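Working notes, beginning with the structure itself.
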Amino acid sequence: MDPRARFKGRKPACTVQCAVNQEMLEQIQGKVLTAPERVFKRGTKPCLFGKGGTCCHVCNMGPCQIIEGVEEMRGVCGATAATVASRNFCRMVAAGSSAHSDHGRGIAEVFYETVHGNAEDFEIKDENKLRVVAYYFGLDPKKETKELAKEVAVKALEQFGQQHGELAFIKRAPEKRQAKWRELGVVPRGVDREVVELLHRTSVGVDQDYRSLLKASVRTALADGWGGSMLATELQDILFGTPVPIRATVNLGVLKEDMVNVTVHGHEPEVAEALAMAAQDPEIIKEAQKVGAKGINLAGICCTGNEVLMRRGIPIAGSFVQQEMALATGAVEAMIVDVQCIMQNVATVAQAFHTAVITVSDKAEIEGAMHIPFDHHHPVESAKKILREAISRFPKRDKSRVYIPKSKMDVVAGFSHETILYILGGRFRASYKPLNENIINGRILGVAAIVGCDNFRVFDEVHVELAKELIANNVLVVATGCAATGLGRAGLLSPEAASLAGESLREVLEAVGCPPVLHMGSCVDNSRILIALTEMVNTGGLGEDIDELPAIGCAPQWMSEKAVAIGNYFVGSGACVVFGPDFPTEKSQVATDYLFHEFKNIFGANWLVARSAKDFAAVMIDKINEKRKNLGIDKPKPRILFDMAMRRALESPKVTSPFHGLGCFGPTYLKVEEEEEKAA
Ligand code: SF4
Ligand code: SF4
């Protein structure tokens with residue numbers, strides 16, 4: 001029986017972005033309540049005080065709803081709208097930073113146990129990156145690997161509890177930026193200290209000047225971007241491998257009717273890495289075959305998906321807004337969830353099918369889900385236990401209720417900042433110089449990052465329309481997180497999509513066989529973008545600091561507090577960030593003006609807001625053009641007229657990052673490499 005028959009003629013009661021999601025929504029309706037339907041059925045819009053940042057509930061005299069400019073409508077304690085909106089903004093930054101950073105701490109602990117011989121299965125995969133990290137920790141990178149790894153593990157953990165001094169990776173930022181941070185007193189001392197201090201500042205009766213609060217929020221955010229997140233990315237690369245371009249597929253069509261489907265959802269890659277190893281174990285495959293399946297099909301959701309997509313080419317079933325949809329296919333035996341962005345409703349949706357939702361982290365259990373604690377000392381053994389639970393569910397699958405949409409799309413992912421060196425510069429000239437040259441000569445107008453979540457309250461495909469608009473205007477796009485998955489669904493992560501780019505960008509992309517949108521990883525991997533921006537500065541010809549680059553970031557469908565932390569560390573690092581469709585301090589003009597205007601005077605970059613894809617594109621392209629004008633490169637120049645001063649600047653980069661000499665990026669498989677090999 002066609003399972004769609006029962007929905008025939010029935011109009012969907014509500015909508016969700018993306019055609020395949022809508023298709024699944026029609027499947028799921030009537031079986032169990034899901035987020036799009038909840039958005040629809042709630043009817044009302046979110047409370048404007050809460051949405052705009054002017055509801056305070058930090059003490060029991062509240063909650064106080066504040067109206068800016070109305071004296072009687074200040075908080076009972078007299079708190080102004082600016083103070084309250086800034087406090088709420090700070091709390092989001094602190095929570096977001098704590099999430100990324102606790103993820104970083106988690107992987108640092110796995111790393112520590114692994115290199116001290118207390119954990120099986122994992123090993124050092126990128127020895128050269130280990131040496132890069134050791135260099136920034138002030139260790140001797142030439143030391144014997146095992147000894148060095150132990151010292152790196154200790155130093156990495158110390159970054160979280162450090163009380164004084166500066167976080168080690170601060171030294172990776174452009175020198176001018178470091179000097180600015182020191183002058184402003186916003187260099188983070190230790191990851192935990194900055195998060196705790198910011199929370200303290202926002203509690204009742206402490207920091208009550210919006211300027212002081214918002215400046216402090218940058219210090220905490222920097223502790224995330226150049227601390228917790230960067231530690232997570234680097235240690236994951238050392239343990240599981242630094243990503244290189246890899247082909248894979250995305251969307252719900254990656255689920256398979258004849259296999260045990262196991263989705264890995266959340267953010268931390270160690271469980272998914274272990275599951276990937278266990279799924280290839282002949283013993284496990286045999287057990288799957290015994291129940292009538294051909295084997296185990298692993299598929300990712302959210303950022304855990306991005307992690308294993310980038311390193312192993314494991315397909316992604318869906319982004320944040322697709323987590324319930326994946327279960328509604330009726331074809332998933334188990335959804336393994338670690339931490340962050342897992343909607344409580346997945347446990348409810350799973351109960352309508354034969355699916356097990358299995359929590360594995362001690363930090364994150366879900367009512368109605370099964371809990372199998374992941375043993376970091378025996379990862380593959382733990383993973384096998386989880387897979388056996390999934391296998392046991394396969395015979396219970398009701399084939400008449402299975403509906404797997406056909407949609408899936410080929411993507412190329414794995415563009416770490418190291419890989420970009422090779423793609424654009426080739427193996428023999430690995431450098432950001434070609435990127436800078438192409439920006440200076442106008443072939444590439446600038447670089448835009450589309451990052452962050454997707455959101456059930458956004459109905460249009462803003463990421464997709466925006467990316468198309470940007471590339472058509474010769475802006476190179478990089479993407480992370482669920483935004484990257486959405487862009488993958490739309491086909492923009494494939495080299496063929498270069499045909500949608502403006503003429504000059506297309507020429508550059510076609511020369512190297514590169515997609516117009518580069519997938520740079522998960523949420524914590526936004527730290528890769530910080531390093532890429534620094535590389536552009538250090539390569540020369542585009543100014544001396546990140547705030548001079550024709551580069552900008554955006555999060556058009558931000559949902560999580562983590563996005564606020566990410567945006568704030570980009571702004572604090574000198575890159576403007578556009579949020580949408582709304583901004584969390586909107587109901588205080590004073591606080592919002594400070595973030596949107598005064599931050600530019602302080603940090604050289606500011607926040608902005610936009611609503612539609614067209615608005616975003618206009619704001620971002622204007623900003624890029626403004627930077628080009630400031631650099632004196634606003635008039636496109638043919639290569640032959642390349643300014644000699646710029647050429648000299650490019651010929652002698654200001655700073656050569658230590659990893660250039662280490663060749664730690666592994667092979668890439670793009671056209672340029674093959675051509676170079678042939679030529680050699
Ligand atoms: S701290 Fe002030 S504004 Fe906030 S809830 Fe208490 S009285 Fe109201
Ligand atoms: S991009 Fe946003 S929704 Fe997606 S996994 Fe990251 S934080 Fe969650």
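The backbone N, Cα and C atoms fix where each Cβ goes, and this holds for glycine too.
When other Cβ atoms within 10 Å of the Cβ of CYS47 ([4Fe-4S] cluster 1 binding site) are tallied across all protein chains shown, the result is 10. Per TrEMBL, the feature [4Fe-4S] cluster 1 binding site maps to CYS47, CYS55.
The feature [4Fe-4S] cluster 2 binding site is assigned by TrEMBL to CYS56, CYS59, CYS64, CYS77. In the three-state DSSP classification, CYS59 ([4Fe-4S] cluster 2 binding site) falls within coil. Every protein chain considered, the tally of other Cβ atoms within 10 Å of the Cβ of CYS59 ([4Fe-4S] cluster 2 binding site) stands at 15.
The [Ni-4Fe-4S] cluster binding site feature in TrEMBL is assigned to HIS267, CYS303, CYS341, CYS453, CYS482, CYS523. When other Cβ atoms within 10 Å of the Cβ of CYS453 ([Ni-4Fe-4S] cluster binding site) are tallied across all protein chains shown, the result is 24.
Counting other Cβ atoms within 10 Å of each Cβ, the binding-site residues CYS55, CYS56, CYS77, CYS341, CYS523 show the lowest value at CYS77. Annotated [Ni-4Fe-4S] cluster site HIS267, CYS303, CYS341, CYS453, CYS482, CYS523; additional same-chain residues within 8 Å of its Cβ mean position, judged by their own Cβ, are CYS302, ASN306, PHE320, GLN340, GLY452, GLY481, SER522, SER560, LYS562. Cα-Cα distance from CYS303 ([Ni-4Fe-4S] cluster binding site) to CYS47 ([4Fe-4S] cluster 1 binding site): 29 Å (rounded to the nearest whole number).
Highlighted in sequence order, HIS57, VAL58, MET61, GLY62, PRO63, GLY75, VAL76, ALA79, VAL84, VAL204 have their Cβ within 8 Å of the centre of the Cβ atoms of CYS56, CYS59, CYS64, CYS77, the residues recorded for [4Fe-4S] cluster 2, and are not part of that set.
Every protein chain considered, the tally of other Cβ atoms within 10 Å of the Cβ of CYS482 ([Ni-4Fe-4S] cluster binding site) stands at 31. For HIS267 ([Ni-4Fe-4S] cluster binding site), the number of other Cβ atoms no farther than 10 Å from its own Cβ, over all displayed protein chains, is 28. Here the candidates are the binding-site residues CYS47, HIS267, CYS482, and by Cα distance the one nearest CYS56 ([4Fe-4S] cluster 2 binding site) turns out to be CYS47.
CYS59 ([4Fe-4S] cluster 2 binding site) sits 33 Å from HIS267 ([Ni-4Fe-4S] cluster binding site), taking the CA atoms of both as reference points.
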